[in-house]
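**Student:** Okay, so Swiss-Prot annotates it like this:
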- 35-55: transmembrane segment (TRANSMEM)
- 68-88: transmembrane segment (TRANSMEM)
- 103-123: transmembrane segment (TRANSMEM)
- 129-151: transmembrane segment (TRANSMEM)
- 156-176: transmembrane segment (TRANSMEM)
- 192-212: transmembrane segment (TRANSMEM)
- 238-258: transmembrane segment (TRANSMEM)
- 268-288: transmembrane segment (TRANSMEM)
- 289-309: transmembrane segment (TRANSMEM)
- 323-343: transmembrane segment (TRANSMEM)
Amino acid sequence: MDEEEAMLLLKEEDEGTRRTSVPTQLMKLKRTHWWILVFISIFFLISAQAIAVLLGRFYYNEGGNSKWISTLVQTCGFPILYLPLCFLPASHSSSSSCSFKTLVWIYLSLGFAIGLDNLLYSFGLLYLSASTYSILCSSQLAFNGVFSYYINSQKITCLILFSVLFLSVSAVLVSLDDDSNSPSGDSKWSYLIGCLCTVFASLIYSLQLSLMQFSFENVLKSETFSMVLEMQIYTSLVASCVAVIGLFASGEWMLLSVEMEEFHEGQVIYVLTLVGTAVSWQLGSVGAVALIFLVSSLFSNLIGTLSLIVTPLAAIAVFHDKLTEVKMVAMLIAFMGFGFYIYQNYLDDLKVQRAREAQAE
């Protein structure tokens with residue numbers, strides 16, 4: 001490798017590597033520390049999202065029926081994030097890189113998008129079977145691939161493309177293996193509304209991830225993880241306000257006491273279910289936002305889709321669901337897709353290291 005090629009590779013690192021590997025603002029971290037943070041974020045996203053989905057199913061199975069409560073619990077657990085935020089250095093870089101007005105606009109716009117997204121997902125799950133819902137949710141990978149390419153200049157290599165395809169196929173296989181049917185009594189119009197809500201929610205979710213990555217890299221330009229928590233706290237606050245307004249405007253709040261009394265497992269379990277769901281969704285969201293900060297929005301979305309494959313394992317352990325051959329094949333395909341993306345990050349790191357060595361010579 002000559003000197004000119006080495007300079008080109010280093011230039012690619014400064015301009016584009018952070019979109020497929022580690023961001024430029026995190027170059028100060030040792031690679032070992034970076035990988036530890038990535039795997040911790042992956043663990044939070046997959047485990048917390050799986051627990052949240054299981055608790056959500058438990059809520060509906062035991063008599064819960066409020067769409068706005070289902071929307072609210074996805075974001076109202078943000079106060080727990082103030083505890084770790086107290087032990088992190090303040091994100092002073094955000095105040096110097098953009099104005100307070102810009103910060104407010106970012107938090108408001110993303111918060112409203114999250115609130116709308118959560119509501120649409122609640123409607124989709126209400127009108128669709130679990131299998132149809134999961135198939136439509138997997139479309140977020142395709143949307144995110146497009147948004148990442150145009151908004152974040154994500155390099156869509158063959159390995160990344162294979163990763164997206166493998167995870168999508170895996171999610172579809174798991175969904176097809178689910179023998180649940182549409183909710184009884186729903187009309188064709190309700191089914192159509194559920195499909196449209198779920199697809200539109202997947203589009204908004206993918207756009208939201210890409211816009212978060214764009215905000216971190218080009219607007220906030222923060223170098224601290226406190227900004228990750230602040231992003232999650234303030235956007236969740238806005239989304240929670242949207243859900244609370246909807247809860248009172250729709251009149252569902254008047255039925256909550258009856259719903260609690262008629263909950264099959266009792267009032268205490270009802271409250272614990274909602275609290276556990278709120279905390280789980282919040283931890284999962286922190287993992288998702290952290291992966292956007294550490295890697296990219298596309299990677300965060302890939303791991304989120306991977307959790308759709310891990311959730312059946314949790315259902316097997318909790319609800320004693322049957323592990324079929326199709327689910328086993330889907331799990332294998334999902335982990336292969338995950339491996340493709342990890343290997344792409346390894347190749348990117350190796351290329352940068354060789355370029356640095358060539359420049360040093």
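Every residue, even glycine, has its Cβ placed from backbone N, Cα and C.
So that I understand the layout, could you describe where these features sit and how close they are to other parts?
**Tutor:** Tertiary neighbourhood of the transmembrane segment (35-55): same-chain residues 29, 74, 273, 276-277, 280-284, 286-288, 290-291, 294-295, 300, 303-304, 306-307, 310-311, 313-315, 318-319, selected by CB-CB distance under 8 Å and a gap of 6+ residues from either end.
Within its own chain, the transmembrane segment (192-212) has Cβ neighbours under 8 Å at 109-110, 113-114, 116-117, 120-121, 123-128, 132-133, 136-137, 139-141, 143-144, 146-148, 151-152, 186, 231, 288-289, 292, 297-298, 300-301, counting only residues six or more beyond its boundaries.
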**Student:** Six or more residues beyond either end and a Cβ under 8 Å away: which residues meet both conditions relative to the transmembrane segment (289-309)?
**Tutor:** 18-23, 26, 34, 37-38, 41-42, 44-46, 49-50, 134, 137-138, 140-141, 144-145, 147-148, 152, 154, 160, 163-164, 167-168, 170-171, 174, 206, 209-210, 212-213, 216, 225, 227-228, 231-232, 330-331, 334, 337-338, 341, 345
